[in-house]
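Q: Right, I'll just put the structure down here and ask away after.
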Number of protein chains: 2
Amino acid sequence: MKTERAKVKIIPLGGIDEIGKNLTVIEYKEDIVIVDCGLKFPDVDMYGVDIVIPDISYLVKKQDKIRGIFLTHGHEDHIGALPYFLKQINVPIYGTKLTIGIVETKLREHGLLATTELVRVKPKDKVKLQNVTVEFIKTNHSIADSVAIAIHTPLGVVLHTGDFKIDHTPIDGGRTDFARLAELGRKGVLVMMADSTNVEKPGYTRSESIVGETLQRLFGKAKGRIIVATFASNIHRVQQIINAAEMYGKKVAVSGRSMENILQVAIELGYLNMEKDTLITIDQTAKYNNEDIVIITTGSQGEPMSALSRMAASEHRKITIVEGDTVILSATPIPGNEKHVAKVINQLCKKGAEVVYGSDQNVHVSGHACQEELKLIQTIVRPKFFIPVHGEYRHLKQHAELAVKMGLGERNYVLPETGDVIEITRNLIKKNGSVTSGQILVDGLGVGDVGHIVLRDRKHLSQDGILTVVVTLDRESASVIAGPDIISRGFVYVRESEGLMDEARDIVKEVLSECEENKITDWATIKGKIRDELRNYLYEKTKRKPMILPIIMEI
Amino acid sequence: MKTERAKVKIIPLGGIDEIGKNLTVIEYKEDIVIVDCGLKFPDVDMYGVDIVIPDISYLVKKQDKIRGIFLTHGHEDHIGALPYFLKQINVPIYGTKLTIGIVETKLREHGLLATTELVRVKPKDKVKLQNVTVEFIKTNHSIADSVAIAIHTPLGVVLHTGDFKIDHTPIDGGRTDFARLAELGRKGVLVMMADSTNVEKPGYTRSESIVGETLQRLFGKAKGRIIVATFASNIHRVQQIINAAEMYGKKVAVSGRSMENILQVAIELGYLNMEKDTLITIDQTAKYNNEDIVIITTGSQGEPMSALSRMAASEHRKITIVEGDTVILSATPIPGNEKHVAKVINQLCKKGAEVVYGSDQNVHVSGHACQEELKLIQTIVRPKFFIPVHGEYRHLKQHAELAVKMGLGERNYVLPETGDVIEITRNLIKKNGSVTSGQILVDGLGVGDVGHIVLRDRKHLSQDGILTVVVTLDRESASVIAGPDIISRGFVYVRESEGLMDEARDIVKEVLSECEENKITDWATIKGKIRDELRNYLYEKTKRKPMILPIIMEI
């Protein structure tokens, strides 16, 4: 009997050819290590869907081997699917202090805190499992406390960068641990997975410190109140806003639920430094002059229900935008949000606010590495094999090309797809089959009950509405006892379309009397005829195709 | 009796605080001149709407004074509402050769060609009306044959730039007529309206010629077939693609209905120069080697039904993307289209095509003037008064600020809103009231029959679907004769939710028997109770809020 050669298996269950829903499975012998467990926000054609999570049915079957979920940082696309995962498989969660702090809040909301083992780690910590050891390595990103994860196997090191940028002047003083990465590189990294998000962008991502300098300049210039919108989780950005406020003796208030939640965690865990009287409540702002107030808020993506959108639309209960306000959008629109953000900017301008936004204003920097940083990581780590991750297909392809230009062998990378089983030995990387994978749609409490048919119907309804036809028929003769009645929603404005509806009813009556004459008493046939005749009539009259729903009641 | 002082009235009925639907009314004494008559594509929340056109009810009342519609160029946002306008008000249309050629195709489709007076003009032409004279002035834009329009009134010149850029090396050799603009400026321009689209962008818009150079380089390098996607109406771009193809002895085929239509017009009118055997049909491409073929196609915005999207999704009947194809996206995504475009790029990459896209590749240039060009126009024209047009509110505001920095008086501009009546005398510009205005939604054949309620219902339906409850009751006693039946669409996948539906039916039964016991026979009350009880139950069970439509039939 031949013994199977030892190999590392890497199975991405998300984060491939998409932005979000990051989850990578790494297997060696009896150990399964999971890196991240994120959600994705729905595509435009996923009508009514709240979030999208990875399909983990492959893991359900292997749960006894899973040693834990190892988190790189606390963004939703890396931790957001945890509650759904934990409801199916209970495993320990490892992460740095802030990451675990954010996860705690999330699990508390889902009633999962008591039953979940949370393990706080620090950069340089190592967790020994049965056959492998997991190590955490300090990186920089647009949230504090981010790490790369190195899995030491007898075949070599498997390195996952997580989301990262290289920031030589980060806000907390903690720089990427190049020394450790170089040491691993020297000893030999078997395979590296690296963040491809910004691979299309040449040069370097600017340092977070740049934003601080801009804020100080803008705060010095502002004549009235200052409102800064940014991502709630960007604690370093919030720190810089607080620093700039304190520099000019201004008070800081916070608006927006997610901003309040994350700030509370960050303050409790010691991630924010400020004088003890800097922070005030929104209600307390009334006691100060406008020029002494800074408000930190959510809504930098123009989300319709966010605090900033409500201020812009005069729908915020406590904050009214006035002439002289300076509003700083410390973020760039995520693809798909451009129009929402533009709407908010226009509304704020109309109210007389000075709005500062746009990539050339230095009010925001990216959290992801650009080309020169990706090259630097390749040079330092010198992995034998490479798997580009965290990006759409075009990003992954460009990232592989970049690695090959840096000297990686043409056969030493794979372009992964979700669910691929990537097998790695000392000398070879190859795909070997695939496992069940995909996206699970979450809508309200329903996990996976919204599928293709429901979405197709929602799309149809959204375009042309629905027309319901109800009639009560005699069970035997199919003669009409009551009706037909026609009720429409989302089709036409009924009061102006009475003629159309009357004619539609006549058409249904005709179909019914024809059926009765021809002794057709099969309800399905009658419904089919009603649907066909109405569809043709309505399309001819309106060039629209509402959903037509015939309902027959029998007596 | 005092005689009213002569004044010019300018009333924008579209193109203000929005991109598209451009229509400006200029009145002097008995003459009404209309500049452009465009459509707008629907916002994301206008579910199912095809296009949006301006409300022209103000003009309907004044049609005897309207001397004509004067077109600046042939883009949809400047001519697309013409068929709807002409069905209400029949007036002559003035435009340059290509513009009128495109309008002809459009009016033919709508059966309006025979009844409409189309007048072909050339740059420098003047059209004398009762009290004013309209003059056409050569400009550059991303479509051939664009003009600015100067209306000579006894009070001075009213100048509308139309959409423009300043291109010193345009493809047709025809540069902006600076001499005439300067001459008007020297004599005194009363008021200028100018394109604000690119006012946020510093510097100059690059020349169209740049794209030609890039295409030549890419065509020389390509090993296989070349596919270029661009806007159908950008005749100069198409000319440059043809030039590059001929340089390397390649044949050119065209795919996509709008591309075929506009090319036909352009060739007939002499706007495209090529050797007589360059153009072949898609079917004929089979006879050539891939490296000898260039395909010009629509779909540069990732529109789901476009030729390029169908190629990317392997749904094109005649063109299959193969390894070695080079696909050039000669356009940048319009805000809102980014995700569609990204999807197409990813699909093409997966099929092995080399895809060239992005603003740093010089495969596309804008058709609108940037800051330095806008300053140049202010310097040359030196208008007394200024109205920024064609832009969202923030653009208009920035454009006005730019003009003030150039020396315009602080009181010499207005920030217009749609429907504003802007009155101008020799010494004063001011708003004086407003007229009926707004946006009319076109859905299929319906013009204006989709309003707030229909859109609200479509949105609701798109999020959570609909649940229809039908029951037949006795007219007197309200006792149940048949039903209740529940049918849902777009709510849950019914086969997996039988329990939920059964319980929902039980709840309705309970409501009905309670009503019967309490002798409630008012249908509206019964429906209200059904709706309330079901809504609460479903929200508790699913956290979703489908539309609930109770229907009672009575016997």
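From the backbone N, Cα and C atoms, a Cβ is placed for every residue, glycine too.
Model, not experiment: these values are computed from the prediction.
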Q: Report the candidate from B:Asp325, B:Asp360, B:Asp420, B:Asp443 that shares the Ca(2+) site with B:Gly48, B:Asp50, as recorded in TrEMBL.
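A: Looking through B:Asp325, B:Asp360, B:Asp420, B:Asp443, the residue TrEMBL assigns to the Ca(2+) site is B:Asp443.
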Q: According to TrEMBL, B:His73, B:His75, B:Asp77, B:His141 bind Zn(2+) 1; identify which of B:Asp55, B:Asp163, B:Asp167 is listed for that same site.
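A: My reading of TrEMBL gives B:Asp163 as the candidate in that site.
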Q: Counting Cβ atoms within 10 Å of each candidate's own Cβ, which of the binding-site residues B:Ala232, B:Val365 comes out highest?
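A: Neighbour-count leader: B:Ala232.
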Q: Which of these binding-site residues, B:Gly48, B:His73, B:Ser366, B:Gly367, are close to chain A by Cβ (under 8 Å)?
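A: In terms of proximity to chain A, the binding-site residues that count are B:Gly48, given in sequence order.
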Q: Taking Cα-Cα distance, which of the recorded positions B:His75, B:His78, B:His141, B:Asp195, B:Asn234 are within 10 Å of B:His368 (active site, proton acceptor)?
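A: Those near B:His368 (active site, proton acceptor) - Cα within 10 Å - are B:His141, B:Asp195, in sequence order.
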Q: Compile a sequence-ordered list of residues in the same chain as B:His390 (Zn(2+) 2 binding site), six or more apart from it, whose Cβ lies below 8 A from its Cβ; state 'none' when nothing qualifies.
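A: Non-local contacts for B:His390 (Zn(2+) 2 binding site): B:Gly15, B:Ile19, B:Asn22, B:Asp163, B:Asp195, B:Ser196, B:Thr197.
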Q: Please compare the binding-site residues B:Ser233, B:Asn234, B:Ser366 by how many other CB atoms fall within 10 Å of each one's CB, and tell me which has the fewest.
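A: So among B:Ser233, B:Asn234, B:Ser366, the binding-site residues given, the one with the fewest Cβ atoms within 10 Å is B:Ser366.
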Q: Measuring Cα to Cα across B:Ala232, B:Ser233, B:Asn234, B:His364, B:Val365, B:Ser366, B:Gly367, B:His368, which the record gives as the substrate binders, how far apart are the two most distant ones in Å?
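A: Largest pairwise Cα separation, rounded: 17 Å.
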Q: Between B:Asn234 (substrate binding site) and B:His78 (Zn(2+) 2 binding site), find the distance joining the two CA atoms and give it rounded to the nearest Å.
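A: One finds 15 Å between the Cα atoms of these residues.
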Q: Out of the binding-site residues listed (B:Asp50, B:His75, B:His78, B:His141, B:Asp443), which are within 10 Å of B:Ser366 (substrate binding site), Cα to Cα?
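A: Near B:Ser366 (substrate binding site) by Cα: B:His141.
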Q: Please work out the number of neighbouring Cβ atoms within 10 Å of the Cβ of B:Asp77 (Zn(2+) 1 binding site), leaving out its own Cβ.
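A: There are 22 such Cβ atoms around B:Asp77 (Zn(2+) 1 binding site).
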